[in-house]
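For reference, the structure is listed below as structure tokens.
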Amino acid sequence: MSVLNNSEVKLFLLIGIPGLEHAHIWFSIPICLMYLLAIMGNCTILFIIKTEPSLHEPMYYFLAMLAVSDMGLSLSSLPTMLRVFLFNAMGISPNACFAQEFFIHGFTVMESSVLLIMSLDRFLAIHNPLRYSSILTSNRVAKMGLILAIRSILLVIPFPFTLRRLKYCQKNLLSHSYCLHQDTMKLACSDNKTNVIYGFFIALCTMLDLALIVLSYVLILKTILSIASLAERLKALNTCVSHICAVLTFYVPIITLAAMHHFAKHKSPLVVILIADMFLLVPPLMNPIVYCVKTRQIWEKILGKLLNVCGR
């Protein structure tokens, strides 16, 4: 009896970088380094926020949520990417593939949700600073975190089940070194219309998050322009720089990939694979760096911890 009902395919094949399979071991070095830095950076953010009472504020709680989603993205894709690039082990069972998709898409939706509530945080801090603390209480922040986690799970939990009901006859070659819903459903030899529609719905949810983020920044910009002092304008705008960088590093690869899939007639498979890998590697790596550099309270606390360790 096969892994999937009436299916012939027992194994999906992942792909590294086409034509450069002989150099996979060399590509694995920067990939491993990026994963290591991403995990260390996000763990550092979480540790500093947890251990420093002065950082127990809404802005930093949301940053901790972003670090959790970044670590989730990294750890979800890490096993298969390392297997492909380190050991040229391309095979993955359908059930393992579906499980990986659940976590990758789940943490993607979670990151999108976190970026949205972080934009709300910036809007409240700039537009209504006097009521900021009374509106975003610790209890409300915890409830928001719980809601976005539940939202992420509920949105992606149908993915594994809708994929399991499909039949996979002959095609088994995936397009990346990890599993994605839109990639796997194309291998099916049965009707995948439900998967196409639901995948489009999830994409719309993510784009709705982006639209609301853009709207929040329109309102933020309107508020900033109403401030009389130029120095105060720049100070208010500077508090948004880290979040804007996080939004760009997360959404630009997604939008670029979607545009290439829909509009580029002669797209290069190599370019598509590199951009897809950037989507999972760059945000978890860059977010801790950007927030540590741009947020004085964080790098001061990190520096203080390092000096305490060195002084012992």
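Note that Cβ sites are derived from N, Cα and C of the backbone, with glycine treated the same way.
According to Swiss-Prot, Ser229 and Asn308 sit on the same side of the membrane. When you go through Asn42, Asn192 in Swiss-Prot, the residue listed as N-linked glycosylation site is Asn192. Every protein chain considered, the tally of other Cβ atoms within 10 Å of the Cβ of Cys97 (disulfide bond) stands at 23. Within its own chain, the topological domain 'Extracellular' (76-99) has Cβ neighbours under 8 Å at 3-4, 7, 9-16, 21, 24-25, 27-28, 31-32, 35, 107, 159-160, 163-164, 168, 174, 177-179, 184, 277, 280, counting only residues six or more beyond its boundaries. A contact between the transmembrane segment (237-257) and the transmembrane segment (140-160) is absent, since fewer than 3 of their C-beta pairs, 6 or more residues apart, lie under 8 Å. Contact check: the transmembrane segment (26-46) against the transmembrane segment (273-293) gives at least three Cβ pairs closer than 8 Å, residues 6 or more apart, which meets the contact criterion.
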